[in-house]
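Undergrad: My structure is below; once you've seen it, I'll send some questions.
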Amino acid sequence: MTTQLRYENNDDDERVEYNLFTNRSTMMANFEEWIKMATDNKINSRNSWNFALIDYFYDLDVLKDGENNINFQKASATLDGCIKIYSSRVDSVTTETGKLLSGLAQRKTNGASNGDDSNGGNGEGLGGDSDEANIEIDPLTGMPISNDPDVNNTRRRVYNRVLETTLVEFETIKMKELDQELIIDPLFKKALVDFDEGGAKSLLLNTLNIDNTARVIFDASIKDTQNVGQGKLQRKEEELIERDSLVDDENEPSQSLISTRNDSTVNDSVISAPSMEDEILSLGMDFIKFDQIAVCEISGSIEQLRNVVEDINQAKDFIENVNNRFDNFLTEEELQAAVPDNAEDDSDGFDMGMQQELCYPDENHDNTSHDEQDDDNVNSTTGSIFEKDLMAYFDENLNRNWRGREHWKVRNFKKANLVNKESDLLEETRTTIGDTTDKNTTDDKSMDTKKKHKQKKVLEIDFFKTDDSFEDKVFASKGRTKIDMPIKNRKNDTHYLLPDDFHFSTDRITRLFIKPGQKMSLFSHRKHTRGDVSSGLFEKSTVSANHSNNDIPTIADEHFWADNYERKEQEEKEKEQSKEVGDVVGGALDNPFEDDMDGVDFNQAFEGTDDNEEASVKLDLQDDEDHKFPIRENKVTYSRVSKKVDVRRLKKNVWRSINNLIQEHDSRKNREQSSNDSETHTEDESTKELKFSDIIQGISKMYSDDTLKDISTSFCFICLLHLANEHGLQITHTENYNDLIVNYEDLATTQAAS
């Protein structure tokens, strides 16, 4: 928005002032807008000449209110805006003057150069003064307007050759290289952030890695020097082999690969190993018969697979055959080879050597060496892999038995598929038996079965053979029919229902129902001491005792588990009695989520009695010492929502409910008096009784359901106490303490008091 400005050296000053301050509404709108621009710091050297705030401040009309008094708050804001406008105008004058002076200097230099180059410089100079006087300046662009009519008709854009391109030199925008010595590895920085002094888990060594030379890796840029050296050696070997092969090809191109390998002498020892491998490969290539590869069969079942591809109806038999072979994929000899050594020395049908492999490594409680612990770690990893493979095997069998929802759908078999299947079976029997004589007859029979069609019977209705009792049957009254089975015949409600379509897997079965995050221990994970286990077996005395005792193992019935739980409870009671008072205060609780400490081990049903009592006692003591750490308290966070109740309104509504009950009581009493005029009333009419429950019931009608949720009996009782103090009410309880009785005097006295 532009306005006219006031200038002191203007002849039409009165006219400008008249036009500037005539419209009061426009003047106030401009003033408010300019004050807002000044407070928002939106005034700069470009738009400072568009604001006439200095003229308005000079007039002082906009600063006066209705009582012709100056508003000093507006005056201070206006003065601040005038200072900003004035300073911006000074900056604008400075920049524009600099541009003008630089333009004049450039024009002077250009004119001098043009004068020197031209032959008639004086004539042109004289004519130039006259031309400069006739030059017109465009007020919009500030550029001179040419007098040539052709130029005026076709306006041409003048390009500034100095600022023709906006690209900056690459060196100015190029990022400087950072100092590599001051750069911190982000992985190491993250490790330092995660490190605190909270415990052993947050130690710095636990967050860092260690290479194969037992060196702590603090930086991700550190690489394995051994691997780097091996990579360099491999590259050198490849280069030497390529160079050697090129030389051999140039000298003796007609010789075979074997002869070149034998004749060439290798001086470097590094090339010996790859050259031997190449010779072995070349020998193998000579013995391979490439002409028989296309004819050879990989497996005996490939022919059956091709038949299945040609005829899809044979797929079911082929899959069943493969599944049967998979079920019996290992023979007894293969099982003996697959099971570790000492497979024949087992106890209760379980391999003790395998049991040792399945034992997970525990802390080094005994004085065993590090090599022995490494062996235990290897055995533990193989045991865990074996357990996963065993789980996967059972999952595969369970998936085969589980069909899902599709299992209960009725399948629609086409007759053509059945006929084709019968013909295929006949052809298979013919090929197996080798009866070539019956070939034509079987083909004719199969073709006859395909061509034969059952003749459709014509439906005929005989109207003469009608039954006399037909009408009685049709128009007989229908009795009440039930499709449900009688209650007396029902044995079990779920007996005639389909089983739940639930897919069981070994992972689900081995997890506890109450605590799904915890798995049952499928195998015994107790680590036996060196005295108990020798090369994967218990002591010979224990094994011989178990073999000599050929008793049938006890069945894991309810008595078995009851005895185990009772024994466990007895052990816990003995532990509690043996503990001192100081240990109870300062000690920590056992971890309830530990596999070995969480009740009875499920493997006790499949294991024999442990003869080594000392080892079991030692293990129990170790468990007591190792598993002492506090349980994390599972705190439930409840949402706290503040109730919004208008207590003043509630108090008025309680008093209104009391008055409504009083009016109902009085109207009921008047009706009784009018109906029974002859009877005398001996009860005290000055005091009346109300129940607190009736008062609350009357309040519930005055609120909506959402508001009524926040109102409780406590709020109502507090309001009732205030009303009792104000109006002299008496509150007493009932005999059963299930309600409150409010005694009040006559309403007239209470209203008069209020």
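Just so it is clear, glycine is given a Cβ too, placed from its N, Cα and C backbone atoms.
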Undergrad: Region 'Disordered' per Swiss-Prot: which of the ranges 104-149, 426-471 is that?
TA: 104-149
Undergrad: Out of Ser477, Ser521, Ser534, Ser548, which residue gets the phosphoserine annotation in Swiss-Prot?
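TA: Ser548, according to Swiss-Prot.
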Undergrad: Pick from Ser245, Ser272, Ser616, Ser693: which does Swiss-Prot describe as phosphoserine?
TA: Ser245
